[in-house]
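The signal peptide annotation in TrEMBL covers B:1-19. Taken from TrEMBL, the feature domain 'Ig-like' covers B:28-123. Per TrEMBL, the feature domain 'Fibronectin type-III' maps to B:235-334, B:433-529, B:530-625. Among the features that TrEMBL reports, transmembrane segment is placed at B:625-650. Look at TrEMBL and you will find B:767-795 tagged as region 'Disordered'. The compositional bias 'Low complexity' annotation in TrEMBL covers B:767-784.
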Amino acid sequence: MNTLFALAIVVNMARVGYSAPLMEYSGETGQLVEDPEFHIFVENSQNLIKKVLEAIPGTHKSCIHSETLILNSTTENRKLQYMATNLGIPSAPTLKALAEDFTLETCLRHMSEGLQLHQDLLKAVQPRLANTENLTALMTDIRDLGIQINKMLRAVQAEVTLQPTVTSLASRLTGDYQVQVAAHLTLVQLQSFGQDIVRSLRNIALVNGDRDDSGL
Amino acid sequence: MASAWIAMLAMLLLAFVNGTKHEVEWSPCAEVHSTSTVVVLGSPVTASCLIRDDCPLVKGQAAPNVVWKLDQRSLTEDNESEGSTAASASEGGWNSTVFIPSFTKTRGVLTCSVLHASQCQIVGGVDIRAGSPPDVPQGLRCLTNLTKPETLLCQWDQGPDTHLPTNYSLHTEIRDLSENNTYMLPPDIHHFKIPRAGFVLFSNIEIYVKAVNALGQATSKHLLLEPMSSAKFDPPKVLKFQAEPNRFGCLKLSWSLSEQQKWVVTKVNLEVQLKTANSRSEEPVPVPRVVRQKPLDLCNLLHGTEYSVKIRVSYKQSQWSEWSNNKTGVTLERAPNGQLDSWLKVSGEKRQKLLSVDLFWKVSKQFRPNGKNLSYIVSVRKPPGEKLCITRERHCAFRLPQGVWKVFLSARNAAGTSQPTEIPVFKQRALPAVSDIDVIPYGERSLLVQWTRIDSSSITGYVVEWRPLWEMNASFILFDNIDRNQSNIIISEIIEPYKPYEISVYPRYKDGIGFSQSISAYSRQKAPSIAPNLRVWETGPFGIELTWEEIPLLQRNGIVQSYRIFYWNEQGNIKVVDAAVEKRSVILDGLKPSSNYKAFIMVSTGGGSLNGSEVTLKTESLDPLAIILIVISSGVGLPLFIIISVLVCCSKRLKICFWPKIPDPANSSIKKWTASDSVQDIPLANDTQEPSLIYLSHLSLLDPPQKSLEKRGGGISDDPWFRSSDTSDLGESICGSPHIFNPGYTGLFEDSVPYATVVFDSPYSSQPPSQSHAYLRSESTQPLLEEEPEELSSPKEYQNIPVHREQVFFRECLDDGLDDGLDNGKNHGLVVDMSFNRIPVECTQKQRNVGKLGRAEYQVGHCFLNKLQGFDVTQPEPHRE
């Protein structure tokens, strides 16, 4: 049991905010989507993920009061791996370069699932936090981004099955500190996952003919 | 009356007691019902009033007397248009009904009253409201606000008043979310801000409004929109606007969206407004672009020019944001390019070694300064060459040596010098001027200049030159080069109303510039700012002479058309006298001695008149001594004068005694023609009348110098006297003369020299061949004057120097070409330029030119013989202009 727990911590360390940057996508192995609206969905998603990433620091600042919970502090965040496991915060789905074994559909599905996961985690902590105005706006942006990702999924003729993430987070938030740590860890993980989405979207845009750098 | 009150109180008391006793069973005396309490405005209303039998107010009455009222107004049977009533017995009481055919009030209270003991008691009532069902909400529009908190503001038009409380609700449907929302609004609110959670930025949302009141409901048209496409962005920011190295004609624009909208990383519509510092246009041309938030190059700009830029953005079809902040940038400089329009005027005598030149220039439409600090270089040769001037002005005056036929004008800035513009130097030539120049005001700050075109193949165009008359500095002179086919131009640069300008039109010929015609003009006139002060110049018993100063130029405000003097005596008899505009004086005559008068001056321009201040005048009294002297002198002096005159006429002796015969050299024939020709010119200098020209074709010495002939060994071909062919056909008058070979001729040292001339009454070339000319001959014992050709002014040269050659030839005034001179002399009434035995003859030419607006310029042609020994020649006086 202890061995398994230790393994879980190691796995979490690799996922929660410290995932290695994705390789730059060449786009050669991607899939071309013929739907003329697809590139609009990609552009909209690029806008929205940028909006989410820009909103995270402000949201973190308004919700997290603990001075030890710093958004971009690698050292401090390493110390929270146990808490992450203990609180039952699932790791985000993996995003990587499009390849034969990682198709566009898979990529989009992972994006959708990841967004849904973070949406549910934030929903779990929201009732326990004060000053949730920014958090609500962030959740709305995540919702909007999810809609665009799901549209892309439909465009690649994949079935969208959105299921609420099964998480026991709400039940484990026994105290304010746990709430603060849970919100902090969720935002840190969302930031990392969002950066992966940016790379994935750039890859998808390249594959689909938009050579103009979005400037992200 | 008192008994009635007591009875009523008793009944109320009884009713109260009964009521107290049977509290549970209490019921009102009457009940009023209407078909509806809210009705459509103008619709009928029916109401009934059921009065119970046991109502104390009707007890004992066979039938109650019921009165209906709408607010304060009774509805009786007499007035059926307002309402009619009816009453009938019903079970348990009496029923009275009222019918109002058209309920026109938006709100009214209908009351039912019973008449009891001559008192009207209200037993019941109903409040009725009238209005209209809501109209369909119009003009539904939504605007997304992307500044936090993000909202979607929807609003619609208020619509007509329904007179009833109307509630609106906003309904949204987001299909991507499968979500419908309804937002209820307080009554009569016509806008609502949908919160961020209520819309998806990039998903269509269907929105409509529902209006509900007591009479019905209405739903607006459904609006389908994408919130992002309905967003009005905050004004973007211009971060940098500057030139990059070696990027000529380009400026790099760095910009960004506002802080809260930086997340929009995809393309947006960008509109760029560029404006140069010199741009007169209020609305610069926008440059629409679709770009991402990245720096962009704006190219095809003018070199060395400062641009001001501002931008605005929109997303797809959304509203444009407000304009950003302004930022300025300067493009890299380059050497100026393009031609400069120029106007070169040569003045001064052609005989002078250096010509005075005024050169004006302006940038052509093709000219590009390409830099800020522009200066101009005028040089004799292409730069680098001898520079005549370097200036930042657009005018340069310099002196140019004879023989220079062109100058070069180039522009220079920090980056280099433009290609020079070659400007030909045309010496002054006697070429025809344009005619019928006219200037018409064209708006308040423009003048339309018109003239009659010159029908000549050698015309290449015209130059219109104008200058403010109150500025003497030549830098204020402006010009425009006009095509040869054009005969009018609108000038507006520096033209201001109520200020005088001089406009001149010069014809450009292939080989020179013609005479100008000038005219003064105002674009708009008004009454003068000041009136002149009257001054008494001379006072007499019967008249007073008044004078006044000219009004300063800038205070005239127009061309003075008249001076009018109003004067009156003590009895108030007003008289008016007009004065000539150019005289500025007037004599008030017919006045009485020792009388007081008052006067004022009224000065008028084309735009109005102004009265001067009033002055008091007094005539002198008559002097009795002066009267006596006048009477005596006229009574004695006049008869005496008559007697003497008669005696003188009758007596030759007396005549010889008083006027002895003295030989008069002035009456020689040569004096006659001298007097009739050269002296005749003299009055022209003092006279502004058109000169009456006499054309002198030839002046000959009839007796050639013998010594000269002898010295040459009888070879007459070397003597200029015998080169008659050099003097064209006119030389025949010399060759054909019998005195040419007169052996008695000894030149200057002889006692007598014969002279002769031919005098025409019209230009030589225009004379018919058969016309006989006056041929005058004269002799003089006076030696001929000779002088050195170079030193004309030295008196020593006139003395005792033998004549080397005697020659007569004809030239055009101020022109080298003999043929041209004759031709032009014909056209302009030009008298000839003469050289006679190296005797200088001065000749000037001008032409009379009268401006239409009262300004006159006299250009009179005449020639003067000067220093011609043996003739009484008067030195000419300068012209008066």
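Glycine too: its Cβ is placed from the backbone N, Cα and C atoms.
When the domain 'Ig-like' (B:28-123) is classified with DSSP, helix, strand and coil residues number 0 helix, 54 strand, 42 coil. According to DSSP, the secondary structure content of the domain 'Fibronectin type-III' (B:530-625) in residues is 6 helix, 47 strand, 43 coil.
The residues of the domain 'Fibronectin type-III' (B:235-334), classed with DSSP into helix (H, G, I), strand (E, B) and coil, number 3 helix, 43 strand, 54 coil. Computed over the domain 'Fibronectin type-III' (B:433-529), the whole-number mean pLDDT of the model equals 92. Summarised by DSSP class, the composition of the domain 'Fibronectin type-III' (B:433-529) is 3 helix, 49 strand, 45 coil.
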